[in-house]
């Protein structure tokens, strides 16, 4: 530091001296006690409010496609903090007198105090006792870009631990932290992520937010993260191993990593990937009498990303079995049927008091062969069966994206895509797992592909609900049974299909010729009397959403985009 302060203090303006010192650090970037760094060895990459020195040797990699992930993560942590603070405020109002009595008896020298049910920690030693703060762990930090963005862009952040197991990565984090002047917030750390989290759990120094973004599966880090997160804390989880989670092979590896089998060769495989990850989180949390609440679950490009709130709730742990399911899906026509593992019922006991009875479910819901096409059923799961999103949380994320990030496209370059994808997610049916593609069904029964609004209008006229899905373009989620789906799709064809011209061995022929067997006369008469393809509320909602000028799905942004190879550390 001697070289920066050779001007005598008597003749120097303190402000000017500090400004010159900071400028010199930025320009020459010499770490104290270390040799000068040649800035020509680095590419300076700007993302959000952070600038990182990206080594040209690529010992630590930067993937620009992941900016959407990081923009979304910043926005979601802000939304969680806002909602989290509101919950704490309500709790403080309800227990104001009790907290006042506790404050009078507490030791004023205490450094920190927890408020409410998992509220952000508050600095008791500060002049403002009600000023909240957040501690964040980025367990697998690589360059430190995400941690630096959290420090720059999220209010109330007191500390971000930027951890990595590779010494080269930690050196990169140190350079970037100092280059961005966030040394007081971002703390580079060289450690095994699990060891770090278990250590913090043992010392009761837990994190409010834990971000797990590994190369591949998140499974090895889940147990430690669940135990080291604060009550009501936010976990951000990424899995990039979609060849296992959503591919047509490796069911044994999927089961070993996630405790369930994926929907092999099925269109809904990306949603089943989300449900397998959420089931892993729920099963792990249940061992510690905790539960995870999905706030936002997205299938994005080449990975899945879920945002969950972790809290202690022995009562909700009892519901885990009934919110877990297996799925029977036909290998030929694609129809599927879900089987919950447990059931919940209300019973009347002594003194006319009701109690909750937990029991195993009855099944299976299907025969050995598909009733529509005589195809073979494959089994997927166990996996999570409940809602993927929290509507209130998504609305807060969209509000921040629209209002607080307005006119900040240079900082949040993926604002439009966040708006588009989350608008779809917010309007998804919450109680209808999986989706179907009218294009696929039309190809099965040899029909011209009908307009999406026509299919939705038909299902809506029969009294069923429909929604788009964020996971796949031109696909629908619905609470309609599969006999209604096949019926409506057949009726979408203006001309009656001549079965004599179809190959009897095809799936489409088997479905259409067997209709009297799987669609009873009573149900068919009801469908015939109700069916209409005139616009209705369901089709109107779909068309309104489709007409919005928003970016719904990712277009190929660069040549050879996608997951990068592992960094070369040799």
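Any Cβ shown, glycine's included, is placed from N, Cα and C.
What you are looking at is a predicted structure, and each value in this text was computed from that prediction instead of being measured.
According to Swiss-Prot, the protein has these features:
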{"type": "DOMAIN", "residues": "43-489", "note": "domain 'Trm1 methyltransferase'"}
{"type": "BINDING", "residues": "70, 146, 164, 195", "note": "S-adenosyl-L-methionine binding site"}
{"type": "REGION", "residues": "91-128", "note": "region 'Disordered'"}
{"type": "MOTIF", "residues": "95-101", "note": "motif 'Nuclear localization signal'"}
{"type": "COMPBIAS", "residues": "102-111", "note": "compositional bias 'Basic and acidic residues'"}
{"type": "REGION", "residues": "133-155", "note": "region 'Required and sufficient for inner nuclear membrane localization'"}
{"type": "BINDING", "residues": "330, 333, 370, 373", "note": "Zn(2+) binding site"}
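Locations of recorded Swiss-Prot features on the structure.
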| residue | record | DSSP class |
| --- | --- | --- |
| 70 | S-adenosyl-L-methionine binding site | helix |
| 146 | S-adenosyl-L-methionine binding site | helix |
| 164 | S-adenosyl-L-methionine binding site | strand |
| 195 | S-adenosyl-L-methionine binding site | helix |
| 330 | Zn(2+) binding site | strand |
| 370 | Zn(2+) binding site | coil |
If you count the C-beta atoms lying within 10 Å of each candidate's C-beta, which of the binding-site residues 70, 146 ends up with the smallest number?
70
Can you list, in sequence order, the residues of the same chain other than 330, 333, 370, 373 whose CB lies within 8 Å of the CB centroid of the Zn(2+) site?
331, 332, 334, 335, 371, 372, 374, 375, 507, 510, 511
Check the Cα-Cα distances from residue 373 (Zn(2+) binding site) to the binding-site residues 146, 164, 195 and tell me which is shortest.
146
Go through 333, 370, the listed binding-site residues, and name the one with the sparsest Cβ surroundings, counting other Cβ atoms within 10 Å.
333
Given the binding-site residues 330, 333, 370, which one's Cα is the least distant from that of residue 195 (S-adenosyl-L-methionine binding site)?
330
Check each residue in the chain of residue 330 (Zn(2+) binding site) that is at least six apart in sequence and keep those whose C-beta is under 8 Å from its C-beta; list them in sequence order.
336, 370, 372, 373, 375, 376, 377, 378
S-adenosyl-L-methionine site span - longest C-alpha distance across 70, 146, 164, 195, in Å
25
Residue 164 (S-adenosyl-L-methionine binding site): tally of other CB atoms within 10 A of its CB:
25
Taking only the CA atoms, the spacing between residue 146 (S-adenosyl-L-methionine binding site) and residue 333 (Zn(2+) binding site), expressed in whole angstrom, is 43
Across the motif 'Nuclear localization signal' (95-101) the predicted model averages a pLDDT of 49
Drop a 10 Å sphere on every Cβ of the binding-site residues 195, 373 and tell me which sphere holds the fewest other Cβ atoms.
195
